[in-house]
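Novice: Handing you a structure now.
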Amino acid sequence: MDQDQAEFLMALNRVHDGLALARGSARARRGAAVPATGIGGPVEHVLGVLRGITPTEALADWHHVTRFAEVDGAPGPLRFGTARVGLGAGRCADLPVVLPLLGSGHVVINPPDPSWHGTLAHECAAEVSAIVDNLVLRALASTPPRSLLVVGDRFMPAFLDRDDVYEQRLAFDIDPTGPGQMDNLLARLNQDVERIRRTGRDHWRLLILSDLGSVLSAQHMEELAWLLRAGPECGLHAILIDTPVPPGVVAETVHVSPRRIRATTTGPLLDVRPDGVPIPGSPAMSALDERLSRGGVPATGLLPEHWWTESTKDGLVAAVGDVGGAVERLRLGDSPPHALIGGPSGSGKTNFIYALLIGLATRYSPDEVEFHLLDFKESVSFAAFAPSAADPSWLPHARLIGVNINQDREFGLAMLRHLAEQLRIRSAAVKRHGVKDIAGLREADPAGRWPRVVAVVDEFQVLLADRDAVTEEAATLLEDLARRGRSFGIHLVLSSQDVSGIEALWGRPALVAQLTLRVALPGATRVLADDNEAALALPRYHAIVNHQSGVRGHDRRVRIPHFDDAVLAGTQLQLWDRRRVDAPEPSVFDGDHVPELLAAADYRALRASPAGERVALLGRTFDVADRSAQVVLNGAPGRNIAVIGTRPDEVHGVLSAATASLAKQCTVADARFTVVSGGSDSIAADVRHLLAAHGHRPDFVERQDIPAFLSGLAEPASPGPRHYVVFAGVDAAHSVLRQPCANGSTGHELLRQILADAPETGVHLLAWWRGVHRLKQDLSDFGTQFDDQIGIWVALDVQGSELSGLPGADLITWHPRPRRGLWFDRAAHSRPRPLVPFAPVRSGEPR
Ligand SMILES: Nc1ncnc2c1ncn2[C@@H]1O[C@H](COP(=O)(O)OP(=O)(O)OP(=O)(O)O)[C@@H](O)[C@H]1O
């Protein structure tokens, strides 16, 4: 309240006091002095002051209210009506009538005579409504957006009953006579007041209750009395209609009888006319419309005027929302270096991340900041930032996008490894230039490209969920990135549905301590400091942003606008249009996508190769560089591939991809292919056609011809071109393989011999078994090491424990899941790795 307003109120008080005293009112008896100038003087003075000032929204005539308040603080008394005061000599003046409410006490609207109790609300409903409507509208007009919560019964103002009210919490209807309603309401408000006493005021609460005399039990009455006594300190105020006021409660009273309204503030003899609510479309109601439906800075209002003009040398800044209409920015840099975002499902975490990403992407060019985005939810939050058939645009700052990751924690790990590699490169460059951090590096190496990296992991707790090697490595990498990332411009943004995510961090204090930017969405627990409950009373679409690890006293209560599809798509298109012509598309890992061999970059890059360097591609790895799982089939022992699994489609994918990739690197003159059908005619037939499509003339061995084929293959022969034998269903051919062949050996024995001689004879077996047990039986002979026979294996739907005995497979944890496999190459790996099998490569596809 400025000085003019204060002077005006003082003068108004003197008028009211003087009138009251002159007429012997109760107020006068409270000690007011008669103004020395009589009543006319002060009234003239008030009118003079009124002419000279622009009253606030709390006091002005509704005709003069064109906007609602934006700033915080107690609004002072609220005007609710007008009184006509006679000035003598036939003159009179209209004076505003005010009631102290927010920041002061309560208002009671009662009949003039206590014996009328119980009938007032019905007899004078129109007058009562007009007073309540005026007070609520004034309260809304004189407090900042979203800072007022109105809880009301049938006297809830009609202007709050609208669909587009920005948050349900603004207006909360109750029926005190409904079963349990009063219990719930009082319990909830009492809890709020207790919490506010501990943590400080969050927003105003205005309670409208009528006709409670008959419905309140003695216990309700006691609870209400406590609430009304403790409430004003905590921003809770009530308008009580026709309800007895418990003792000790500070309240101004308005007496209403038909056609006559008086207030304790004006003295009992001054009749008051309620101001009435302005008509729809009037400036005041337009201001109300704007307040209720918009309520803050829209998403587009947060975008900077000039895009891509700022430098991230000293850190990152992003506009994410507004506080009372003023744009609010968050910072990431030296301090705080990393962020933790929490909130229950649906509380707006993803929307907040969009606000952050769009805020950064519009302010800084892709040379200043780039994004790695990973979402462990069963959703596609970041898919829109990648190009698609429907929309070829992408977010130029996005380098890596993971969608539909679900259970593929290995991909999260791959991203962390990639970031660790970036950290290593940056730390080496920093050392080389003799500087200490990214800011120094950018100065010392102005021609270098050293953007800050923001790595977002939504639902990051999934990454740390199991007690296994993935969690172990992920936690170690995260800790290292959190500790050293700040110096090298790598910033983590971890988001989670509170408790579960935060619990995953327990026992890792070094990591938690680095996540000093905390963002708590409504209802979030544990994200802020333990004694900071600010997020519990947060209205929808708000966030507590706290740059000091969530410590109380550093909260910013930010309203977050909606980054809907239109805003996201529109902004992305403009960003995309600005990209450099050679800007690379982001790498995308989509867990639902079935990779195609023919589309894989490393398949397309295959050329005719010498026999010892040919590679077989098996599937897609969990790797940020979109690499295929590939093995070299050279002349070393054990360069044979066992595919183990029962799902024909996935087996088909691995076998056909391996065969097609080999076929691409050789011609009919320098390689030989044989397809053996042990039990799966369809896979064998498809592989045969595939080879033909690649210009080869494979031999085809039917089941009954297997013994003869193996006998021939086991014969000593002079070395020829490499011979790739694709055996579709070794265990299905069991009955044939166990029979003695012409030379007396069984098929199994011949197979073992062929594998043992393979380095010299140039044979490579690509074979399918349905289960590990049969594979071991078929190949183990008096303790033969599998390594010398099968140095490469791909296990599809097989439990990790069953694999023990195969090379590299002892003591591994692996739970099979659809369209995922585990592969091992003893020449290249120390332990098995996951892969996504390619889709079957069908016969007839072009070379
Ligand atoms: N500030 C906002 N204004 C309007 N609508 C919003 C706002 N924030 C989020 N929403 C909407 O609320 C819904 C939930 O938001 P969002 O997906 O961001 O929540 P979440 O916390 O990520 O949920 P979940 O964890 O279940 O994915 C969405 O439909 C979203 O569009």
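Numbering starts at 1 and runs along the chain as it is shown here.
Each residue, glycine too, has its Cβ placed from N, Cα and C.
Below are the features I grabbed from TrEMBL:
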| type | residues | note |
| --- | --- | --- |
| BINDING | G343, P344, S345, G346, S347, G348, K349, T350 | ATP binding site |
| DOMAIN | 324-530 | domain 'FtsK' |
Novice: Out of G343, P344, G346, which of the binding-site residues is least crowded by other Cβ atoms within 10 Å?
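Specialist: Relative to the other binding-site residues in G343, P344, G346, G346 has the fewest Cβ atoms within 10 Å.
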Novice: Give the sequence-ordered list of residues that share a chain with S345 (ATP binding site), lie 6 or more positions from it, and have CB atoms under 8 Å from its CB.
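Specialist: For S345 (ATP binding site), the qualifying residues are Q497.
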Novice: Determine the most Cβ-crowded residue among the binding-site residues S347, T350, using a 10 Å radius around each Cβ and all protein chains in the structure.
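Specialist: Answer returned by the neighbour count: S347.
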Novice: Please work out the number of neighbouring Cβ atoms within 10 Å of the Cβ of K349 (ATP binding site), leaving out its own Cβ.
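Specialist: For K349 (ATP binding site), the 10 Å Cβ neighbour count is 25.
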Novice: Applying a 10 Å Cβ distance cut-off over all chains shown, what neighbour count does G348 (ATP binding site) have?
Specialist: 21
Novice: For the domain 'FtsK' (324-530), what is the mean per-residue pLDDT, to the nearest integer?
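Specialist: Computed over the domain 'FtsK' (324-530), the mean pLDDT is 91 on the 0 to 100 scale.
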